[in-house]
Amino acid sequence: MLKALYFQFTIGLLPLFAVVFVGYWAYGSLSSTYLLNSVNGPVWLKMAANIAAFLQTLVALHIFASPMYEYMDTRFGIKGSALKPKNLSFRILVRGGYLTINTLVAALLPFLGDFESLTGAVTVLPLTFILANHMYLRAKDKQLSSLQKLWHWLNVCFFGAMSVAAAVASVRFIIVDSKTYNLFADL
């Protein structure tokens with residue numbers, strides 16, 4: 001776990017920052033909120049990038065929906081093998097229905113991505129980056145050197161600031177996009 005955290009907060013962030021800063025350098029502030037809309041190149045490459053983004057979103061949706069799935073399984077008494085016909089059909093219907101409803105709402109509300117950004121800013125960023133560091137600090141407080149404590153507190157503060165900045169940007173996008181709102185519109 002410790003190695004994974006070190007990797008995530010050092011090497012794992014380099015591609016993210018590279019995309020952010022190079023993208024801003026290349027396209028400036030006039031680029032689309034979905035960067036692939038501003039990219040030119042072969043259609044197959046853009047399609048592959050869109051498929052990768054879709055799959056990453058699907059995986060992230062399932063990861064962060066896991067507590068809800070667990071609650072539903074517990075609430076409706078789903079126990080035993082995941083491959084039992086009753087359990088499998090329940091999970092396919094519930095999870096598939098959840099994804100179907102989310103897809104319909106996303107298509108219905110063209111600026112739902114802005115709301116997802118806001119949700120991510122106030123939930124996903126803090127849960128992924130801040131909580132993990134804070135929990136580690138609380139669990140290993142006496143065993144950490146001053147440099148290690150400083151590193152984790154820097155992560156908490158930095159990602160806290162990023163969460164606030166992302167929340168402010170999301171609210172701004174919601175306000176801007178709500179002025180041109182139409183159902184099933186392609187903004």
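In case you wondered, yes, glycine gets a Cβ from its N, Cα and C as well.
What TrEMBL says about this protein:
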type     : residues : note
DOMAIN   : 1-172    : domain 'Amino acid transporter transmembrane'
TRANSMEM : 5-27     : transmembrane segment
TRANSMEM : 47-71    : transmembrane segment
TRANSMEM : 92-112   : transmembrane segment
TRANSMEM : 118-138  : transmembrane segment
TRANSMEM : 150-175  : transmembrane segment
Tertiary contacts of the transmembrane segment (118-138), as residues 6+ beyond its ends and Cβ separation under 8 Å: 5, 9, 60, 64, 144, 149, 152-153, 155-156, 159-160, 162-164, 166-167, 169-171, 174
Tertiary contacts of the transmembrane segment (5-27), as residues 6+ beyond its ends and Cβ separation under 8 Å: 35, 38, 129, 132-133, 136, 155
